[in-house]
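J.: Have a look at this one.
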Amino acid sequence: MAASSSSRVSSPGWLMLAAHCALLLAMAGAASAGSALSSTFYDASCPSAYDVVRRVIQNARVTDPRIPASLIRLHFHDCFTEKTVPANNNSARGFPVVDDIKSALEHACPGTVSCADILALAAEISVEISGGPSWRVLLGRRDGTTTNVQSAKNLPSPFDSLDKLQKKFRNVNLDDTDLVALQGAHTFGKVQCQFTRENCTAGQPQGSLEDLDRVTPNVFDNKYYGNLVDGLAQLPSDQVMLSDPAAPATTAPIVRRFAINQKDFFGKFVVSMIKMGNISPLTGMAGQIRKNCRRVNSKGY
């Protein structure tokens, strides 16, 4: 779906995404600062931003079909300097692609597009090129100047109970519909077998990769929810949305609805990601525009 940066960034759809460590910082109680996000933020300062991000992702996808799912994981775990915390250690990938995107944008529009906005754009593009919805990405985030390892430890775990998942989502003002919809990002990509319900019992060594969705592993669709209904979710924290004693009155009806109505899932997923994208972004003069997404700028940049 080729389009100009300005018109494409303003299109409707999923993953209106979080600022740099937005979910993490929000869980730690950080406050937002500055002005509102806008879908036209880079129209004048970097009109090619969307096209640059899309081109790099499309090129990376040729040799690595997993990259769209990996980039979405980086959005959720927007945490470049906290790679060794439990949620990211040996599992988050896609950093080199983000480096390539940042390098290309620095060439096109030096010092303009934040790493936080790169992940927001990359997530939307990854969903759309994988068969999912597109959406209007609000932009204008700035990058953090500190890291927060403790807040990263508060990310949802593949072994969380339903109650624990609900509490973590409620802490950032996300409800049960948001929980079920956002877990739908597990509709594509892979997971290390030690995090699955089978826990490498098929004889694989730890670290062996399993498809999160064995039906359509590289497609963003609603097959994930059908897997849950059939009792075939890979992650314990996914299956609890149906199997937990509290699920029939909370998450289970939503799972069943999404399993039979992909349009409903896509629409709710968009709404939930827009909500998540508005969790405590750094804007205005807060933070910085990182030159390298892996580290805070040195003084004088």
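Cβ coordinates come from backbone N, Cα and C, glycine included.
Dumping what TrEMBL says about this protein:
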DOMAIN    36-297  domain 'Plant heme peroxidase family profile'
DISULFID  Cys46-Cys109  disulfide bond
ACT_SITE  His77  active site, proton acceptor
BINDING   Asp78, Glu82  Ca(2+) 1 binding site
DISULFID  Cys115-Cys293  disulfide bond
BINDING   Pro156  substrate binding site
BINDING   His186  heme b binding site
BINDING   Thr187, Asp213, Thr216, Asp221  Ca(2+) 2 binding site
DISULFID  Cys193-Cys200  disulfide bond
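Please go over these features one by one and say how buried each is and what sits next to it.
T.: Neighbour density for Cys46 (disulfide bond): within 10 A of its CB lie 20 other CB atoms from the protein chains shown.
Taking Cβ-Cβ distances under 8 Å and a sequence gap of 6 or more within the same chain, the neighbours of His186 (heme b binding site) are Leu212, Asp213, Tyr224, Gln234, Leu235, Asp238.
Around Thr216 (Ca(2+) 2 binding site), the same-chain residues at least 6 positions away in sequence with a Cβ under 8 Å from its Cβ are Thr187, Phe188, Lys223.
Its Cβ taken as reference, Cys193 (disulfide bond) is surrounded by 20 other Cβ atoms within 10 Å in the chains shown.
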J.: Which of these recorded positions is closest to Cys193 (disulfide bond) if you go by CA atoms: Cys46, Cys109, Pro156, Asp221, Cys293?
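T.: So, spelling it out, the nearest of the recorded positions is Pro156.
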J.: With an 8 Å cut-off on Cβ distance to the Thr187, Asp213, Thr216, Asp221 Cβ center, who else from the chain surrounds the Ca(2+) 2 site?
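T.: Once Thr187, Asp213, Thr216, Asp221 are set aside, the remaining close residues are Phe188, Val215, Pro217, Val219, Phe220, Asn222, Lys223, Tyr224.
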J.: Quick check on the binding-site residues Asp213, Asp221: which one has the highest count of other Cβ atoms within 10 Å of its Cβ?
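T.: The largest 10 Å Cβ neighbour count belongs to Asp213.
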J.: If I restrict to non-local contacts, at least six residues apart, and a C-beta distance under 8 angstroms, what lies near Cys109 (disulfide bond) in its own chain?
T.: Tyr42, Ser45, Cys46, Ser48, Ala49
J.: Measure the Cβ-based neighbour count of Cys293 (disulfide bond), defined as the other Cβ atoms within 10 Å of its Cβ.
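T.: Summing over all protein chains shown, Cys293 (disulfide bond) has 21 other Cβ atoms within 10 Å.
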J.: Could you give the Cα-Cα distance between Cys115 (disulfide bond) and Cys200 (disulfide bond), in whole Å?
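T.: Cys115 (disulfide bond) and Cys200 (disulfide bond) have their Cα atoms 35 Å apart.
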